[in-house]
Amino acid sequence: MQRNLLNKFYELKAQGKKAFAVLIDPDKVNEDSFSHLIDLSKQESVDFFFVGGSLITSHIMEEVISQLKKHTDIPVLLFPGNSLHLNNKVDGVLFLSLISGRNPDYLIGQQIISAPILKRSGIEVLATGYMIVDSGQQTTVSYISNTTPIPHDKPSVAACTAMAGEMLGLKLIYMDAGSGAKKTISQAMIKAVQKSVDIPVIVGGGINTSQKAKEALQAGADVIVVGNGIEERLSLLKEIAETVRVYNEVNLLA
Ligand SMILES: CC(C)=CCC/C(C)=C/CC/C(C)=C/CC/C(C)=C/COP(=O)(O)OP(=O)(O)O
Ligand SMILES: O=P(O)(O)OC[C@@H](O)CO
Ligand SMILES: [Mg+2]
């Protein structure tokens, strides 16, 4: 079983380095500025591309992945909404189990359907405990998955959920307020999760300013994910990359 990408997450964490993942939703790709996004991501040394969506309606997913692979060495991880989104051109798959919910299809059903396909493909599989956190409004992911998110003000529920995921052998925790969330995950909740598990913690949903990125990093996120904000304003990519870089420089000196 391959562990190249998982090792990258673990090595960064061991070195105390925070990472930045750019989420690319194939349905929202602006074809005119996509090559600029690729150039900027290279220039700013983005750590990962996550590609996916709760629903994918466009036909360009394959092309998006090919372009990312052709023009960069940045690892491309599939962030699948369901088993139909599997693609064998990616470097790895976030093999999500939706542990904040109680919908068996997203806890284990989609994974059973995908397992033989992934086994044949040889693509790296990263077992990920996926936790959706309430952001005040229903998000696409909570609607589509038909699950109740963890209440925003219940850090201990999030911490226990993450602990259970780690004890079950999951290798990453992904806390998500949902794409475009108006309210990001609270620092108290990120802290509680980070303190409760040793595995890397990915945080996303609604991070659309440098300040929000910094708050997530300070609270203990190992990787921050930004999608919507960059779709709306490409220059945010540079700003977030700079925030992560500065955070790492200051932290490594301390
Ligand atoms: C193991 C495999 C193959 C699939 C796992 C399937 C599971 C458990 C999915 C979890 C639930 C889910 C629907 C996740 C999708 C998360 C995602 C890629 C979100 C990106 O944002 P969108 O929800 O598309 O937001 P927009 O409304 O902004 O497009
Ligand atoms: O699009 P945004 O709000 O940045 O969220 C990123 C990702 O965590 C969504 O699943
Ligand atoms: Mg989407």
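Every residue gets a Cβ built from N, Cα and C, even glycine.
Feature annotation from TrEMBL assigns Mg(2+) binding site to ASP25, SER54. For TYR174, MET175, ASP176, ALA177, GLY178, SER179, GLY180, GLY205, GLY206, GLY227, ASN228, the entry in TrEMBL reads sn-glycerol 1-phosphate binding site.
Shown here: features listed in TrEMBL, placed on the structure.
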| residue | record | CB count, 10 Å |
| --- | --- | --- |
| ASP25 | Mg(2+) binding site | 22 |
| SER54 | Mg(2+) binding site | 20 |
| TYR174 | sn-glycerol 1-phosphate binding site | 28 |
| ASP176 | sn-glycerol 1-phosphate binding site | 26 |
| GLY178 | sn-glycerol 1-phosphate binding site | 25 |
| GLY180 | sn-glycerol 1-phosphate binding site | 17 |
| GLY206 | sn-glycerol 1-phosphate binding site | 24 |
| ASN228 | sn-glycerol 1-phosphate binding site | 20 |
Between ASP176 (sn-glycerol 1-phosphate binding site) and SER54 (Mg(2+) binding site), the C-alpha gap once rounded to whole angstrom: 13
Nearest of the binding-site residues (TYR174, GLY178, ASN228) to SER54 (Mg(2+) binding site) - Cα to Cα: GLY178
When distances run from the Cα of ASP25 (Mg(2+) binding site) to each of the binding-site residues TYR174, GLY178, GLY180, ASN228, the nearest one: ASN228
ASN228 (sn-glycerol 1-phosphate binding site) - helix vs strand vs coil (DSSP): helix
Longest CA-CA distance among TYR174, MET175, ASP176, ALA177, GLY178, SER179, GLY180, GLY205, GLY206, GLY227, ASN228, per record bound to sn-glycerol 1-phosphate, angstrom: 17
For GLY178 (sn-glycerol 1-phosphate binding site), the three-state class that DSSP assigns: coil
Candidates near ligand 2 among the binding-site residues ASP25, ASP176, ASN228, judged by a Cβ under 6 angstroms: ASP176, ASN228
Where the C-beta lies under 6 angstroms from ligand 1, the matching binding-site residues among ASP25, SER54, TYR174, ASP176, GLY180: ASP25, SER54, GLY180
Filtered binding-site residues, from TYR174, ASP176, GLY178, GLY180, GLY206, ASN228, whose Cβ is under 6 Å from an atom of ligand 3: none
